[in-house]
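Feature annotations, courtesy of Swiss-Prot:
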type	residues	note
TRANSMEM	4-24	transmembrane segment
TOPO_DOM	25-107	topological domain 'Extracellular'
TRANSMEM	108-128	transmembrane segment
TOPO_DOM	129-197	topological domain 'Cytoplasmic'
COMPBIAS	154-166	compositional bias 'Low complexity'
REGION	154-181	region 'Disordered'
TRANSMEM	198-218	transmembrane segment
TOPO_DOM	219-224	topological domain 'Extracellular'
TRANSMEM	225-245	transmembrane segment
TOPO_DOM	246-365	topological domain 'Cytoplasmic'
REGION	327-346	region 'Disordered'
Amino acid sequence: MHKGLLILDLFVSICLTIQLLPIISVPITGKGIGYNLHLSKYGNYTFGVLGLCTSNNICSKPKVGYPPETDAFYSFMDDENGEYPDFAAAELPSRARYVISKLLVVHIVGFCFTTLLFLLSLALTVILWLEESETKVPFKDAVRKKVKIRQNSRNNSSTELTESTSATKMNSLSDEGTVDNERKSKDITPYLNFMLMLSLLSFLSTLLAFLSDILLFIPHLSYLGWLQLCPIILLSTVTSMLCFIKRSISSRKYLNDEYRYENDDMRKSVNVGVLNWKDTDSDDGFYVYTNGFYSNYNNDDTPQEGHSHAPELFPANISTHSGWIRHSGHNETGDDVSISSSRDDSYNEHENIQMRLLNDHEHIT
């Protein structure tokens, strides 16, 4: 995160420097630097963002828009001595009207947005750096305290050792709690949202300024005008990086907070139960396989062949065994273990009733 913010600071500072150059061009910086900072040079005039200058070191007052033909700036041409016979009113290279020259104010607007973006990015970097430095100091102090307590505990007796160990545990828990609380990072999403808005506004204003330069000064646009492509590219990169950083923070928060235990098996809490509607596991550790309430294992109570004319009281597919049968998960050979020992009395009574029914049937026949 800090590396990403440092890269953002670097990109924004480069944009800020390049956007500053057209603003301080002629007439603000004129003869002192040889009129080298200009957007265009056409005829006897050199054009900047806030005004123009002539080749004989006469510059207009810094303001938005170039002076029209009736402006007092051109009064030097009315000299009776005829010192400026070749001068006429300033004419833009693209033959555009002077009203369009007021579009150059978007250079200043874009510079203001970029300045705010740079200050906010720098402030966020400093805040995160201070937060990280504050969390490291208590952690180091806690480690040093633990080391000192361990050294002192070795020199004490066994009773003092137990007391010191309990104290160290309490101190370590409290120190870890404070460190964990301090290590909780702040929510920087509002800062990123504001930075994203500023980067978009700065990108759009810089793009509009470049288009206005092309509209006014093509085909005599100087290197300073073409250099404005760099802030456009860098600001688009900054906007994309801010979107990626914001997305990564929201995804990390989603995984760590809302679905912390569902998405991380190593962080499953003991008190949190996982419910599954397809759960087929047994609660006591083994599986139970039964055929209803009865088992057809060792079925010896079916009627004999000699009594085939009698009604079938006990079909062959039903067992007279009335106990619950448990099949172990490790035993798949068909060996059944009866766990109905507590119901022997009821089982015997049931067998007696069956025998009486058989005897009555034989007596009738």
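Placed from the backbone N, Cα and C atoms, the Cβ positions cover glycine too.
Per-residue confidence over the topological domain 'Extracellular' (219-224) averages out at a pLDDT of 90. Assigned with DSSP, the residues of the topological domain 'Extracellular' (219-224) fall into helix, strand and coil as follows: 2 helix, 1 strand, 3 coil. Distant neighbours of the topological domain 'Extracellular' (219-224): 21-22, 25, 37-42, 93, 213; these residues of the same chain sit at least 6 beyond its ends, with a Cβ under 8 Å from one of its Cβ atoms.
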